[in-house]
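TrEMBL has this to say about the protein:
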- 1-36: region 'Disordered' (REGION)
- 50-77: coiled coil (COILED)
- 248-278: coiled coil (COILED)
- 415-449: coiled coil (COILED)
- 577-620: coiled coil (COILED)
- 747-816: coiled coil (COILED)
């Protein structure tokens, strides 16, 4: 009540031109010319400052209007949400009523089975833990009522207790009916066991189990749908609350900025009023002083200065009009502020009365009972939340295990397929090796034989089949590489799925933690609202007590006197309490400001560390990408070069093989021709030997004849003829011997060539035997290179995924640094503490602590 006088005292600061200021300005002495010029500059500066402040006020007004429009739009949206929540509450109440009626009907029909029900109920009448669990879950499903607390008024404790009792009764009736049904089912089962055979029992049990499984699946699907709808509604309500809180904070911020702008305007107006008063006192004097002091100066300077003064007066009049309009606006705002202060004073008085009521014994007892009941409810809800979290964890674990089992099956199938393929390739390689051994044996056998044409044809067929075998082997290797690449891709997909699962699990855990925190905050707010409502009810009861008191005049006068005295004492105590509370608030505000500054410093340090980490991670990512690109290019170039080298080497070897085959064929043909010539020469030599032998025999016979016959002329003549014939035959024999020697030399040369060709064939076979393992090694090297390339691609994919994850983290960190709610909250708290530290009336000076 005492605070209402303070605004009246401080209204004097806001009046632009008060009579005291005017008299003070008139009584001031005349200033010199230098001080008048300085004041002109001050007036220009103040004009500029006023223009800036006006622009700021207009911008803030525009922002304020935009935020008001947003606030109205959100209110309209909230109305639609409120309507949906009311409908949900009504449907929930109908469902509860239906459950109560149905449970009552079923409980009446199952009173005859109380003997079997005793197995599910404890001796002292309390329900078993399964019943309590079901009851708690049924109370948990009433989340829509909790969500609708922001729209509909919170129900009282008695209403809550009645609802709890009704829910318990319904659950007990349902459990009793279920127990009765179970007992009937047991009896029917015993009778069926006695009557039916084993085969019929099995069929019947299978049918019943199938029906029960279908029912259970349907129930699970329905429960999952309900949980999903409930989560969607809860998310919408949370988003709506967050938006409402943000709009409130922005509204408060704009109000504070308006108050600061108004305070700056008031300061500038007070400075303008002082300067105006000084100028009014100086206006008549300076011209006299100038005339007296500057008699020798010309009249031009005086005219110029008079024009300047006239311009200044016109601008000053315009400023006066602006200042008057602004003062009217400020006065209206000040009046509204005074009304708000009066309301605040009334509220403080009511709060003091509420504090006195709260200190009573009855209120304390009720508060203790409420705290006990709240603690019990919190324990029940925490246990329920833990059970739900455990259930969700079990479900997620089951899903993860199923995914792992599927991945293991895929791996096993891929490994079995690859092993079978490897076994088939090994078999084919063994077959090729056997074929090669057989071909070598055939070649050796053919080399021993006389005919070489078959060997040459087989050798040609082998050489022609070599590229086909190479192509088949390359195709098989390509297929195997494709299967291995598919295996690596499947492994990459499995790893990416596992990472996604881990991320989703972490997100679910964080969301569950947030939901638990928000539930605790909702509980606290509900408790505060319940306390306020209870205090309102107690105040109403006290008012009714005062109204029902006696109405005698004397008693009334005495009570009034006593009341006035008590009221005066209470006011004095209130004043002292207000001062003490102000001191405490100032101290708390100073401490909170220090803590907030410390938090801001720590948050800025953390932000700097995070930015450094981001820069380092970006550099690492760039280095990794460059190394990856270099490795990829090197691998591609090395693979291409090795493949081209192998192909060129193979082509060169094939050309050498074909050339040597042609040369071998030529040598074989030459050897055959030489053998034919040798056979012909041998036949001719044998004929010549026979002829020589005949000639020798003829010579011997002639010699004998000559020895017996005398030396007649005829005999001499014949002897000369024989000698000439012998000479001719001897010459022919010499020629034949020379030809034979030449042919033997040619045969030796042909044999040498054959030996050389055989050696070259053996060398070519050895070379082929050495080339084949080299080819196999080159194929293995190519396959290893391809595997390394695939590994590098897989590593590249992994690094790209890691890069994506790091980019996401970077974006999250940037979002946190740019629009972090923590910094906004800290800034908001700082502004609130500064507002508490400032005076509630003038908003200029800080409060002083005694």
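Cβ atoms are placed via backbone N, Cα and C, with glycine included.
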Q: May I ask which of the stretches 50-77, 577-620, 747-816 has the most CB pairs under 8 A with the coiled coil (248-278)?
A: 50-77
Q. Is the number of Cβ-Cβ pairs under 8 Å between the coiled coil (577-620) and the coiled coil (747-816) three or more, considering only pairs separated by 6 or more positions?
A. yes
Q) Do any residues of this chain, six or more beyond the ends of the coiled coil (50-77), have a C-beta under 8 angstroms from a C-beta of it, and if so which? A) 240, 243-244, 247, 250-251, 254, 257-258, 261, 264-265, 268, 272, 319, 322-323, 326
Q: Please work out the mean pLDDT for the residues of the coiled coil (415-449).
A: 71
